[in-house]
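Remarks on the structure that follows.
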Amino acid sequence: MDHHYDGEENDYMQQEDDWDRDLLLDPAWEKQQRKTFTAWCNSHLRKAGTQIENIEEDFRDGLKLMLLLEVISGERLAKPERGKMRVHKISNVNKALNFIASKGVKLVSIGAEEIVDGNAKMTLGMIWTIILRFAIQDISVEETSAKEGLLLWCQRKTAPYKNVNIQNFHISWKDGLGFCALIHRHRPELIDYGKLRKDDPMTNLNTAFDVAEKYLDIPKMLDAEDIVSTLRPDEKAIMTYVSCYYHAFSGKQKAETAANRICKVLAVNQENEQLMEDYEKLASDLLEWIRRTIPWLENRVPESTMQAMQQKLEDFRDYRRQHKPPKVQEKCQLEINFNTLQTKLRLSNRPAFMPSEGKMVSDISNAWGALEGAEKGYEEWLLNEIRRLERLDHLAEKFRQKAAIHEAWTEGKEAMLTQKDYETASLSEIKALLKKHEAFESDLAAHQDRVEQIAAIAQELNELEYYDSPSVNARCQKICDQWDALGALTQKRSEALQRTEKLLETIDQLYLEFAKRAAPFNNWMEGAMEDLQDTFIVHTIEEIQGLSTAHEQFKATLPEADKERQAILGIHNEIAKIVQTYHVNMAGTNPYTTINPTEINAKWDKVRQLVPQRDQALIEEHARQQNNERLRRQFANQANVIGPWIQTKMEEIGRISIEMHGTLEDQLTHLRQYEKSIVNYKPKIDQLEGDHQQIQEALIFDNKHTNYTMEHIRVGWEQLLTTIARTINEIENQILTRDAKGISQEQLNEFRASFNHFDRDHSGTLGAEEFKACLISLGFDIGNDAQKRTGLMDGEDFRTCLISMGYNMGEAEFARIMSIVDPNRLGVVTFQAFIDFMSRETADTDTADQVMASFKVLAGDKNYILAEELRRELPPDQAEYCISRMAPYTGPDAVPGALDYMSFSTALYGESDL
C-alpha cells in the first residue's frame with residue numbers, strides 16, 4: 001500500500017518539494033546521504049547486534065527496518081514474516097511504515113513496493129523521515145523545536161567562538177569549526193581549539209569526526225573530502241550528523257540531572273536519620289543525668305562539720321549555676337529537634353519518627369518533674385543545718401585560735417631553753433644572751449592568762465558534748481604540760497648564763513693582750529716572707545751586690561723576733577689553762593684577731609726556710625750577671641770595629657762614584673772588585689749575629705760598652721750592599737746610554753761632573769735650585785732663584801730650564817715633556833731622567849718612520865712585505881719574531897700572505913698596539 005503525506009504545518013516534517021527530486025539526482029548529495037544515513041542506522045542497529053552494508057538492499061525484506069524501529073522507539077512491532085517471497089517482504093515493510101504512521105508521521109509517495117524493489121530515492125526518503133521523527137522532532141530549545149530547535153542549539157553552543165557562524169545546515173559547517181566548537185564547548189580537554197585554522201577545513205573536519213567517534217561514541221557519518229569538495233553539502237546529512245552531537249551531549253546532561261536528583265533524595269534521608277540518632281543520644285544522656293542527680297538531691301543525712309555542710313551547699317549552688325542550666329537547654333533543644341524532625345519527615349513524605357521506648361518527649365518531661373520535686377526543700381535543709389553547726393563551731397574555733405596562738409608562741413621555746421649556746425659564746429654574746437633571757441621571762445609571765453582561758457573553753461566544749469571533744473581535751477592537756485616544763489627550763493638556763501659570764505670576762509682580757517702583740521709580729525713575718533720570695537730583676541753586678549747586703553742585715557734581726565714569738569705563745573697557753581681547769585667549751589675564736597698560734601709558728605717556720613733559699617738565689621744571680629757582662633764586652637769589641645768599617649766603605653763608594661777616574665769600563669771593573677771585597681767581609685757579620693743571639697737568649701737589653709746595636713749593623717750592611725749594587729747598575733746604565741745614544745765619553749763626564757759638583761750632600765739627587773745651577777753650568781740660561789734643597793727639580797723649575805734651552809713651552813708641550821721625564825707624576829725630576837732627556841736631545845736616535853722606510857726597502861717599495869722576504873733579508877730569529885707579530889695587510893693591493901709592516905713599526909715605538 002502507498003502512504004501519503006498531506007502537508008500539515010509541521011516544520012520539522014516539511015518536505016522540500018517532494019524530497020527535491022532534482023537535488024536527489026545530484027550524485028554528490030546522494031553519496032553523502034547514503035553514507036550518513038547508513039552510519040546513523042548502524043549506530044542503532046549495533047545495539048541489537050547487527051548492521052547494514054547497502055541501505056537500499058538491506059532494508060528490502062523489512063526485517064532490519066522493523067528491528068531499527070524497535071531499537072530507536074523502544075517498542076515492540078508486530079511479528080515479522082519470515083518467508084522470502086515478495087509478499088512476505090512487502091508485509092514486513094508495511095508493518096514498519098504503519099508503525100511510522102502511528103507516530104504521527106504522514107508519508108508522501110513512499111510505498112512498500114518501492115522499498116522492496118530497492119528504490120534508492122524512496123529508501124533514503126523513508127530513512128530521513130525516521131530520522132526527523134525519532135532524532136530531531138523531540139529537540140526543543142527556547143520554545144523552538146525540530147530543525148529550528150537544533151539550529152538554535154548549535155548557535156547558542158557556538159556563540160562564544162568568534163570564527164564560527166552557524167546559520168544553516170549546509171555551508172555553515174564546511175570549514176569544520178562548527179563541529180570542533182560543539183565538542184570543545186562540552187569537552188574542552190578533547191580538542192586544542194586554539195590551534196585550529198579556518199583555512200584548513202580538512203584538518204578541522206577530520207579532527208572533529210575522529211574525536212567524536214573515539215570519545216563520544218558518534219560513528220563517522222561523512223568524509224571530510226565529501227564536505228569540502230561539495231559546493232553546498234547535503235543539509236539532511238549535516239542535520240543527521242549534528243543531531244547525534246546534540247543527543248550525545250544532552251544525554252550526558254540528563255544523566256547528571258538524574259544523579260543530582262538521587263543525591264538530593266539520599267541527602268534528605270541521611271539528614272533525617274542523623275537527626276533521629278542525635279535525638280536518641282541526647283534523650284539517653286539527659287535521662288541518665290536525671291537518674292544520677294535525683295538520689296543526690298534526696299539525701300538528707302547531716303554532716304558533722306561546718307566545712308562539710310558548706311561544701312554540700314556549694315555543690316548544690318554549683319548544680320544550680322553550672323550543671324542544671326545546660327540540661328535545661330538540652331531539654332528545650334530536644335523538643336525543638338523532635339518537632340523539626342517530624343516536620344521534615346512530613347514534608348518529604350516520610351513516616352513519622354517514633355523514639356525508642358521510654359525516650360518520648362513525655363517520658364523526658366515526667367523525669368524532669370521528678371528532678372525538680374527532689375530539689376524542693378534541699379537548700380532550706382542545708383541552710384538550717386549550717387546555722388546549727390555554726391553556733392557550735394564558733395566556740396570550737398575560739399579554742400583553736402587561742403590554742404594556735406599559744407602553740408605558735410611556744411614553738412621552739414623548749415629547744416631555745418635547752419640549748420647550750422652559751423658554752424661556745426663570746427663574752428659579748430653571753431651578755432646579749434642574758435638580756436634576751438630576761439626579756440623571755442617577762443614574756444612567759446604575760447602568757448599565763450591565755451593558758452587559763454584555753455583550759456576554760458575546753459571545759460565548756462566538754463559540757464556541750466562537742467563532736468570533736470577528745471581532740472580538744474588532748475590538745476588542752478598538752479598545752480598545760482608544756483607550760484609547766486617551760487617554767488623549770490627557764491630557771492635552769494638563767495643560772496648557767498650567769499656562771500659562764502664570769503669565766504669569759506677573764507679570758508677576754510687575755511685575748512685582748514694576745515691580739516695587741518700578735519698583730520704587729522704577724523705583719524713583720526708576712527712582710528719578711530714577701531721580701532724573701534720577691535722575684536728580683538737586675539741588670540748589673542752592682543744591683544745584685546746591693547740586694548745581698550740588705551739580705552744580711554735582715555738575718556741579723558731574727559734572734560730578737562724569736563723572743564717576741566715565745567712571749568705571744570705564753571699568753572695563749574695561759575688561756576688554755578683556764579679553759580681546761582673550769583671546763584669552758586672554747587668553740588669560739590679570739591674576737592680581737594684572726595691570728596692563732598698555729599699560724600704564727602707556721603709563718604715563722606716559713607721565714608726560716610726561705611732565708612737559705614734567698615741566699616742561694618742571690619749567689620746564682622751574681623754568677624749570671626758576671627756572664628752577661630762578659631757577653632756585653634764580647635759583642636761590643638766586634639761591633640765597635642764593624643760599625644766604623646761599614647761607614648768607611650759607604651764613604652769610599654760615594655767618592656768612587658763622584659771622582660770618575662778612567663773610562664766607565666774602568667770604573668765598573670774597580671767597583672766590582674770593591675764589591676767582592678765587601679762580600680768577603682760577610683763572615684764577620686755572621687759571627688756578630690751569633691754573639692747577638694747569645695745576648696738575646698740571656699735576656700740582655702742594654703750594653704754600655706758600645707753605641708752599636710745589631711739592628712744598626714744589619715741596616716748598615718744592607719745599605720752597603722744596596723749602595724754598591726746601585727752604583728754598579730748606574731755605571732752600567734751610563735754605558736748603555738752612551739752606546740745607544742752615541743754620546744761621547746767627554747759629554748757623559750761633563751754631565752756627571754756637573755751633577756756631582758752640585759750634589760753637595762752626596763745624596764745622588766739634586767734639589768731644584770741645585771738642578772738649575774747644573775743646567776746653567778751646561779750652557780742653559782735659567783734665572784738664579786734661591787736654591788731649594790729638595791734633591792729634585794720641580795715642574796716649574798724644569799719648565800724654566802727647557803725654555804732657556806730654546807724649547808717652546810706652551811702648556812701642552814710642557815705637559816708632554818713632563819710625562820717623559822716624570823712618568824709617575826711626582827712633580828720632580830731625577831738625575832737619571834735628566835740624563836735620559838739630555839741624551840735624547842743630543843744624540844741621533846731611531847724613529848718609527850726610519851724603521852718603516854727600512855722595511856719598505858726590504859719589501860721592494862711595496863706597502864706590505866711577505867714572510868719569505870723577511871726570512872731572506874733578516875736573521876732567522878728576528879725574521880720569525882716579525883712574522884709572529886705583524887698583522888695581515890688589508891689594503892686594496894693586498895695579496896695572500898701579505899703582512900702590515902707599517903703598524904708593526906709604529907707599535908715598536910709605542911705609537912700603537914703591537
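Each Cβ is built from the backbone N, Cα and C atoms, and glycine gets one as well.
The range from 265-292, 517-544, 825-852 that TrEMBL describes as coiled coil is residues 265-292. Coiled coil is the annotation TrEMBL gives to one range among 115-149, 430-464, and that range is 430-464. Per DSSP, the domain 'Calponin-homology (CH)' (31-135) is made up of 71 helix, 2 strand, 32 coil. Secondary structure by DSSP for the domain 'Calponin-homology (CH)' (144-250): 66 helix, 2 strand, 39 coil. Tertiary neighbourhood of the coiled coil (430-464): same-chain residues 392, 395-396, 398-399, 402-403, 405-406, 409, 413, 416, 421-422, 472-473, 475-476, 479-480, 483, 486-487, 490, 493-494, 497-498, 500-501, 504, selected by CB-CB distance under 8 Å and a gap of 6+ residues from either end. Per-residue confidence over the domain 'Calponin-homology (CH)' (144-250) averages out at a pLDDT of 90.
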